[in-house]
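Student: My questions will all concern the structure given below.
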Amino acid sequence: MFIINKNLPHFKNDFSDYYSKLDNDLSISSPKFESPVLSQPKVKPLSHDIISICSTKITPLDDFNFLKVISKGGFGKVYLAENKITKKTVAIKVIKKSDTIKKMMVDQVNIEKTILSNYKCNFIVELFSSFQTDKKLFFVMEFLNGGDCASLLRSFNNNMPEDLTKNIIAQIIICLEYLHNHGIIHRDLKPDNILIDSNGHIKLADFGLSKFDFVDESCNIKILKNSFTLYNTNNNNTTENQKILGTPYYIPPEVILGKGYGKTIDWWSLGIILYEFLIGYPPFQEDEPNESINPKSDNDEKNVRIIFNKITNHKKKLYFPKKLYPVAIDLIEKLLDPNPSVRLGANGVDEVKCHPFFSEINWKIYEDQKVLVFQPFVENDCDTSYFIERKEENNKNKINDDIDSLILNQNNQNIYKNNNNNNNNNNNNNNNNNNNNNNDDNDDENNIIDQNLFIDFDFPTY
């Protein structure tokens, strides 16, 4: 059992040296939580048109000071912000309506809100409130200052210790068990979406691609920014109305081939993550492992085709370094079985839990969250040092421009009060066109505002 005490160093220090000196008698002191696996909480019935929100007080944009960009994804950006009144630090996910409508992902945004609003547990990031303006949608969520697993992996120079890997993977399995028991398939599981809270526990985030209880769903679905057109691997012809959801590295072959998929998609992604943690890079890349860890461009269709070809031609033969234990290799190979019907986890989570890789795991204490990844130590509530900045976030001028534009847009527009106030909407569009010269307010975004009158975003409106 890999148990860590609260003396774990900050990212500013060397993780590798610390873990090499851990003694077997280390213990932790963390609060005990009721196991949601053994005792399932009551939840509201789910529906596509659910209108309840998780906060009785709707929080308008003007209530927050936006501090910096935490991350950027296919749907939008996540900002670190502070409530002006309560001084509470939160993470605010901002989504452009124009992108959502163009990509026909309105239902997916509503599904994400439904999941975050109705499932309150220790394994999912908490949603405080949600609202919309004429151009954007906002999720006000808890800020998890322990960072994400992508940052954690990079802090180890892409060589995470096996004991720590086992600890994290076990916590992810408990999270997936909770989701699958409630009929939720995440569909975008990757290190960036696996967060660490202030108590050192794993929480899953970003449910923008999630679905409820689907089996063999049609592949005639739309796409996010960093997802790519489905193609026939035999003739490389694209099919315009067939799209793939997800991030290229983590997509299973049945999705690429349009064969339909179910909960085993999450187990495939877990196998990719396990490989990445232990070896330092995903198993299917456009370059050889020694040449490049990350793709030259996530949006380079040629590179994505190479990745997809490798995934669909996968025959259980992967590169493994000699240092890797056979039991870890066996787990990876079974999670990455190209046949989803025999893939580990196809018959339920117990298949995964019973694998010899987890022979020393006491699942009960993981369900009760008695095991930490590590104990974050932060200087203040706004400390983001556990998040390693991505390249696109390093430009401070760009970050300031983004935040200034977000606030400027809010101040310049007279936010409409209801969907029937058409004249006010048109006036707001004119004000925005005259006052905002930022790339955020491009022609597509301005031209699509009138369509919002006919789009049912399940968000409180201002």
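Along the chain as shown, residues are numbered 1 onward.
The backbone N, Cα and C atoms fix where each Cβ goes, glycine too.
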Student: Looking at Swiss-Prot, I70, S71, K72, G73, G74, F75, G76, K77, V78 are annotated for ATP. Which of K87, K88, K93 sits in that same site?
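Tutor: Between K87, K88, K93, Swiss-Prot records just one in the ATP site with I70, S71, K72, G73, G74, F75, G76, K77, V78, namely K93.
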Student: Within 8 Å of the Cβ centroid of the ATP site residues I70, S71, K72, G73, G74, F75, G76, K77, V78, K93, which other residues of the same chain have their Cβ?
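Tutor: So the extra residues in range turn out to be V94.
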Student: Taking the Cβ of G76 (ATP binding site) as reference, which residues of that chain separated by at least 6 in sequence fall under 8 Å from it?
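Tutor: Within the chain, G76 (ATP binding site) has Cβ neighbours under 8 Å at K93, V94, I95, K96, D99, K136.
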Student: Given the binding-site residues I70, K72, G74, V78, find the one whose Cα is closest in space to the Cα of D188 (active site, proton acceptor).
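Tutor: Smallest Cα separation from D188 (active site, proton acceptor) among I70, K72, G74, V78: G74.
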Student: Rounding to the nearest whole angstrom, report the longest C-alpha distance spanning I70, S71, K72, G73, G74, F75, G76, K77, V78, K93, listed for ATP.
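Tutor: Across I70, S71, K72, G73, G74, F75, G76, K77, V78, K93, the widest Cα separation comes out at 14 Å.
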